[in-house]
Structure formats: structure tokens, C-alpha cells
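First the structure, in the form of C-alpha cells, and then the observations on it.
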Amino acid sequence: MALYMKAAEILQKAERKQAALKTLVYDSKFANIKQLFALVCETQKFSSVLQEIIEATRLLKLTRLKMPLAQVLVYDLLMGQGLKCGGSWKAVMMKHRSRLQAELARMKVKQKVSRNEDLLPANLQQPHGDQLPRYVRVNTLKTTVEDAVDYLKRDGFSYLGQACRLEDLSLKDRHFVRDLHLPELLVFPPKTDFHDHFLYKAGHIILQDKASCLPAFLLHPPPGSQVLDACAAPGNKTSHLAAVMKNRGRLFAFDLDAKRLATMSTLLLRAGVTCQQLANQDFLKVDPDGPQYRDVEFILLDPSCSGSGMVCLRDNSSADQDKEKARLSSLASFQLRCLNHGLRFPRLKRLVYSTCSIHRQENEDVVAACLQQNPSFRLVPLLAQWPERGLDPLPQCLRADPTKTRTHGFFVALLEKHSEAEDGKQEAAVQISEQEEATPHSPPTSENKPAASEDESEASEMEETPTPAGETDVTASKKRRRKRKKKKKNAAAVTFKAV
Ligand SMILES: C[S@@+](CC[C@H](N)C(=O)[O-])C[C@H]1O[C@@H](n2cnc3c(N)ncnc32)[C@H](O)[C@@H]1O
């Protein structure tokens, strides 16, 4: 019953606009956050349907329930787990079950539809959280993709190989594939639950939406580098960065929220991350010229945003449009300040900016304003084969979207210092030689083109990868010198532990 009470409390607070749904769930300290989050999201999504059922059956009058709790209970009874969590209200609700079911059936007949989904207003009928594939990032700090695949096969999942098209990500039963864009990502049918799985509990796999894996993949700091994650908690991208860096180098991670940072510390420990230095600090107050940070070359900036891309968090109410406008404008100005601040780090080479927002105001507008204020930086064109581009005039950036990319809504831009563009190809070559030779997908640097290939799947594997075969001898010898230099640097690199 605690689950239902807590969900009702959160829905009521969200209705009063006390905070975003996600924040309320996060701050609730409820034991099973995932379960609570799913219940709250779904109840909110169906709230107009649930309200109609409750009113038509006069449930509030007959039971003395209040609307938010009634909505949660009716949702779980008719569309969810069937009130498996029990509690004192279960017996009461069971008495009214037939009438509630009959009312739901009557609504479907009236609207000539067969699924609960079809009762939703048109703007809510797009794919949502639990219809998206379950993405699983293999944590290469603890295992390999091959070993994870073998383990999952032995566990009864059926591996269909490498996906070649987006359609291959529509999976059923216990089938799974390797993602077509991100090499360490496995894709399962929606709602596949790994929370009790050994690989998850042991930190061998991380449950992370595909779009959210893009920033670390695209930034791709080489092992041994100095990297900064500006707004880091709860740390999925931080652990991904550490995996890309092979735990070598230094990874500064900041967050303002002490509680989220504490959660992050636990997650990083489970993921086997050792190169991090966490700080409960305002990123905007970090001194870019401070001696600690003067060698920072890569920054991941994933600041607070409206969360409008998170499918189950989409607020479809038309109320308070003025408030929403003001909120977006304040978020955008915070995001721009963070971005400008990030570009002040003296040795910065590349910065990746991402949001889980679908609003132009928080995405292209912020990046365009920043580029105007920082002419020494430019955008790196990202993954040529990614189907959803940044809005005009920034097609170099990526957007993600449930229908076009089968992910939550997301935005990513990669900014690079002009001077870096010149040796971008060499840098990429060094990175590639330092990664496993066989790594199928490599992230882009500026100006490189997808390698030509007649085989479509091979082309997608070689996406945005400069062709090492095309290097001149001079490039190759520079590469060797750089590699030797880097090896020396790595040997001297200090590994920081979480504080
Ligand atoms: C979108 S979340 C980051 C998610 C994270 N990158 C991940 O992948 O797990 C934004 C985070 O920024 C933090 N934050 C907001 N303002 C900040 C600031 N001025 N300095 C540092 N962190 C900040 C918030 O507490 C929140 O945890």
C-alpha cells in the first residue's frame, strides 16, 4: 500500500507544480524508485481516462477515496499489475472491480477502439517509455560485449546478431541484438526487466537509454586524458566516460545536489570506476584557470533541462503556458552560462553538450548563441547515418525521438576548438590505434567522412571513421611519436578515488 500512497502523494504535488515528477520521485526516498516512477508516469498519462471512469462509477463517493489515490488504484487494477501490492484498499477496490471494468469497456466501445492506449488524447498516443526498446550498455570496465552476450544466451535470451536497420530494434520474446550505432549497446524488447539480473547487480551492464549513451561515445576522450563531467549525477554518462577512458586519466565530476551525488558514488563503485574525482560543487564556480583543471581537454555538459524528451514526463497540460515559457527561458540562460563557462577551460579541445529536452530553445538556440559568443569553436558534424538531425541551421547536431530513433527525446552537439580541427584526423587515428583494433564503430572528429563501403552493414560499422589505410608515412610516424608520448603520460597519471 505504501507504493500507492506515495504515488498518490507525488501526483498531487506534481499537480500543484511543486516540482517536476522525476524530482519528486527521486526525492521520495521510496525503496523501489523504478517501480514508483513507472506507476506515477503511467497514472499521470492515463489521468483523463481514469478520471472519467472514476466519475462515471461515482467511486469517490462510494469509497471516500481522494482523486489522486483513486486514480493510482484504478490504474493499477484495470491497466497495471492488478493491485498486486495489496494493502487495505484492495478489498474495497475489488468490490467495485466489475463496475470499473465495465466502464472502461463502455468507453472503448463508444470510441470504437480496442486498446487502453487508444483512449488517450492524440498527443499522448506516441510511443512512450515502456514501448521503447530496453537498451543495455555493456560496462567494458567489468566485462566484454562478447562475454555479456554469451552469459545472456546461457540465461535463455536468443541473440540475433548485429542490427543493421532501425527496424531490427523492434524485438519480441527473449530476442536481443547488438545496436547499429553504438558498439557496446545491446537491445532487448520493451519492458525486459534486468533490475534483478546478476549482470546488472554486479555492474556488468548499465540500463541506459541509447540516446543518453551518445554524449560519452561522441566525446570519446582517449585513455589517459583529463576529462570533466560538469553536471554529473546520477552518473550514467560519467561511468560511460570512465569506460571509454579505460579508467585511465582523470575524470572530474561535479554536481550541486549532494543526494544525487551520493547515489552516483554508489553507482560508480558498482561499475568499477576508479578514475573519478567527485565534488559537490556548482560547476559555474569551478575556476577554469585553477591549477587542477588546466589540463582538462574534454568536457561533457549535460545540464538540468526541462526533461521534455523523457517520454513519460511530457507535460501535455496547456495550463500555465506563461510559467512554462518563463521556466524554459530561465533554463536556457542557465544552459548557455554553463556552456560558455565550459569553453573557458584553457586546454579544452572538445565539449559535448546534451539535453533530454525537445525544445529548440534549450538546444539549437543555446548552441547557436554560444557559437556566436565563442568564435574559436565550431560544431563537429556527427554520425552521418543518424536519422534525426539538429534543427536548421545546425544539422551537424543530433536529435533523438521515440518514433525516428526509438529512444527518448534528446539533443547532442559536439563543439571543437578551431585549432583542433586541423589535427583532428591525427587525433582520431591515435584514438583508434589505442582502442581495440576491432572496435566496429568509432566516434567522429571534425571533417572526417564515413568510409566508403558497398556493404551496408559494414558501412554502418565504419561510420564516421577515418580510414587508417589512407594515412601518409608522415602521419604514421607522428602517430607513433604521439603514442609513445601518451604512454609515458599514462604511466605518470594519478588515479583519483571518489571523495
Ligand atoms: C540532467 S542531470 C545530469 C544527468 C547525468 N549527466 C547522467 O547522465 O546521469 C543534471 C544535473 O545537473 C545538476 N546541476 C544543476 N545545476 C548545477 C550546477 N550549477 N553545477 C553542477 N551541477 C548542477 C543537477 O543536480 C542534476 O543532477
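Just so it is clear, glycine is given a Cβ too, placed from its N, Cα and C backbone atoms.
A quick note: this is a predicted structure, and the numbers were derived from the prediction, not measured.
Here is what TrEMBL says about this protein:
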- C356: active site, nucleophile (ACT_SITE)
- C231, A232, A233, P234, G235, N236, K237, D255, D282, D302: S-adenosyl-L-methionine binding site (BINDING)
- 453-464: compositional bias 'Acidic residues' (COMPBIAS)
- 477-490: compositional bias 'Basic residues' (COMPBIAS)
- 124-418: domain 'SAM-dependent MTase RsmB/NOP-type' (DOMAIN)
- 421-499: region 'Disordered' (REGION)
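Features recorded in TrEMBL, as mapped to the structure shown.
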residue: C231; record: S-adenosyl-L-methionine binding site; DSSP (3 states): coil
residue: K237; record: S-adenosyl-L-methionine binding site; DSSP (3 states): helix
residue: D282; record: S-adenosyl-L-methionine binding site; DSSP (3 states): coil
residue: C356; record: active site, nucleophile; DSSP (3 states): coil
Nonlocal neighbours by CB distance (under 8 Å) for K237 (S-adenosyl-L-methionine binding site), same chain, sequence gap 6 or more:
S212, P215, A216, D229, L300, D302, S354
My understanding is the cutoff is Cβ-Cβ under 8 Å with a sequence separation of 6 or more in the same chain; which residues meet that for G235 (S-adenosyl-L-methionine binding site)?
A253, T263, M264, L267, L268
Pairwise CA distance, A233 (S-adenosyl-L-methionine binding site) versus the residue listed as 'active site, nucleophile', rounded so that it is a whole Å
14
Rounded to an integer, what is the Cα-Cα distance in Å between C231 (S-adenosyl-L-methionine binding site) and the residue listed as 'active site, nucleophile'?
13
Check each residue in the chain of D282 (S-adenosyl-L-methionine binding site) that is at least six apart in sequence and keep those whose C-beta is under 8 Å from its C-beta; list them in sequence order.
F254, L256
Would you count the other CB atoms within 10 A of the CB of the residue listed as 'active site, nucleophile', including those on all shown protein chains?
24
Relative to the Cβ position of C231 (S-adenosyl-L-methionine binding site), how many further Cβ atoms are located within 10 Å?
22
The number of other Cβ atoms within 10 Å of the Cβ of A233 (S-adenosyl-L-methionine binding site), counted over all protein chains shown, is 23
As a test of reading the model: what is the averaged pLDDT for the domain 'SAM-dependent MTase RsmB/NOP-type' (124-418)?
94
